[in-house]
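Asker: Okay, handing you the structure first.
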Amino acid sequence: MIVKAFSSSANLGAGYDILALAHNAFEDTIEIEAKNSSELDIKVEGEGVPLAVEKNSASYALYELLREYNVRAKVRLKVIKGIPAGLGLGSSGASAAAAVYGANELFKLGLSRQELVKFAMKGEIASSGSPHPDNVAASLIGGVISVVNPNSIKVEQVPINLDFELILIIPLVKIEAKTKKAREMVPKQIEISKYVANARYLSSLILGFIKGDRELIRLGLNDDIVEKSREPLFPYYPKIKEVSLLNNAIGACVSGAGPTIAIFVDSMSDKNKIIDESLKVCKAYGYECIYKLAKVSGGAWIERRD
Ligand SMILES: Nc1ncnc2c1ncn2[C@@H]1O[C@H](COP(=O)(O)OP(=O)(O)O)[C@@H](O)[C@H]1O
Ligand SMILES: N[C@@H](CCOP(=O)(O)O)C(=O)O
């Protein structure tokens, strides 16, 4: 069986560990097949990813799912990366999402996409040390998702009533254990005024998506807490955001834990100028960046069943 899942941008605006968006910028592919066996055994194959079951987000998630449902089988799991890892594009989350989605079909477990989030998110323990559900939920379910409850895992799709696309500004860097480091940078305590400002942004962003209100989305694509605390990882971000807004972008935010920047644009935005100016900002800060256009995408899918 061949399964695919798209990349994602998490932490939209002030939606840290809450709001994420699946997009068709890149996709991961998982090959999964199983033979009968008296016990569960998973063999990981792939290039450029850890091959130890407990170190690969896809096999870690798969193991948790199959153990929970007492599946005894010899499973071959091949991870074929299309999403560059460590750049804030939900790379670890996408293959975990594809792995559990494929296993659910292969072993006829009958779980919903929402129910599979609980297992896919465990895969993020392998990649970042924390089971954050946002990326995997977006890659599993598609669209824009909001993690309403991380414990009972309640995830809802946010209706999107504005036509927009993304310009992803992607620095070609390698930050070892990037998301793990980025999560350690988030403050444990904040002033109430910062909480209220971020709650306003989040409210504005979600209302903007639902009402299709460009101005509300622009107001909502801000974060005074997490993005600010992680800025040393992407010093070019404030300037990229400034030049994007000057050229009539809807707004911009850090994609996941970065270093990629997601710029929301529509027919009113000067896309070419935003791309040119943003790449110049990258250079000015000493980074080599590429850009990728993307649209909101669907969730994981079965490419081939046999
Ligand atoms: N299946 C996988 N796909 C991508 N990265 C993985 C996978 N399994 C484990 N990893 C590890 O996770 C890290 C990348 O994940 P992360 O830091 O969350 O960045 P991102 O999700 O932005 O790609 C890398 O260190 C990589 O070795
Ligand atoms: N909410 C997470 C999102 C990480 O996204 P990634 O694409 O950078 O892995 C976090 O900010 O830790």
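Every residue, even glycine, has its Cβ placed from backbone N, Cα and C.
All annotation found in TrEMBL is predicted automatically rather than curated by experts.
Computed from a predicted structure; not experimentally measured.
Just lifted these from TrEMBL, have a look:
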type    : residues                                                                    : note
BINDING : Pro84, Ala85, Gly86, Leu87, Gly88, Leu89, Gly90, Ser91, Ser92, Gly93, Ala94 : ATP binding site
DOMAIN  : 61-143                                                                      : domain 'GHMP kinase N-terminal'
DOMAIN  : 209-277                                                                     : domain 'GHMP kinase C-terminal'
Asker: Across the domain 'GHMP kinase N-terminal' (61-143), what are the DSSP residue counts per state (helix, strand, coil)?
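Answerer: DSSP composition of the domain 'GHMP kinase N-terminal' (61-143): 46 helix, 9 strand, 28 coil.
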Asker: Are there residues of the same chain, six or more positions away from Gly90 (ATP binding site), whose CB falls under 8 angstroms from its CB, and which are they?
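Answerer: Looking at Cβ-Cβ distances below 8 Å from Gly90 (ATP binding site), excluding near sequence neighbours, one finds Ser7, Ser8, Ser9, Ala10, Ala20, Ile83, Asn135, Val136, Ala138, Ser139, Gly256.
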Asker: Could you count the residues of the domain 'GHMP kinase C-terminal' (209-277) that DSSP puts in helix, in strand and in coil?
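Answerer: Helix, strand, coil within the domain 'GHMP kinase C-terminal' (209-277): 35 helix, 9 strand, 25 coil.
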Asker: For the domain 'GHMP kinase C-terminal' (209-277), what is the mean per-residue pLDDT, to the nearest integer?
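Answerer: Average per-residue pLDDT within the domain 'GHMP kinase C-terminal' (209-277): 98.
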Asker: Which of the binding-site residues Pro84, Gly86, Ala94 have a Cβ less than 6 Å from any atom of ligand 2?
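Answerer: Near the molecule: none at all.
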Asker: Can you list which of these binding-site residues (Pro84, Gly86, Gly88) have a Cβ closer than 6 Å to ligand 1?
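Answerer: Correct list: Gly86, Gly88.
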Asker: Counting only residues 6+ away in sequence within the same chain, which have a CB under 8 Å from the CB of Ala94 (ATP binding site)?
Answerer: Ala5, Phe6, Ser7, Ser8, Glu27, Asp28, Ile83, Asn135, Val136, Ser139
Asker: An 8 Å radius from the center of the Pro84, Ala85, Gly86, Leu87, Gly88, Leu89, Gly90, Ser91, Ser92, Gly93, Ala94 Cβ atoms defines the neighbourhood of the ATP site; name the other residues of that chain inside it, in order.
Answerer: Ser7, Ile83, Asn135, Gly256
Asker: Check each residue in the chain of Gly86 (ATP binding site) that is at least six apart in sequence and keep those whose C-beta is under 8 Å from its C-beta; list them in sequence order.
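Answerer: The answer is Lys174, Ile175, Glu176, Lys178, Thr179.
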Asker: Including all protein chains shown, what's the count of other C-beta atoms within 10 A of the C-beta of Gly88 (ATP binding site)?
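Answerer: I count 30 other Cβ atoms within 10 Å of it.
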Asker: Who sits close to Ser92 (ATP binding site): which same-chain residues at least 6 apart have their Cβ under 8 Å from its Cβ?
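Answerer: Expected: Ser57, Ala85, Gly123, Glu124, Ala126, Ser127, Ser128, Asn135, Thr179.
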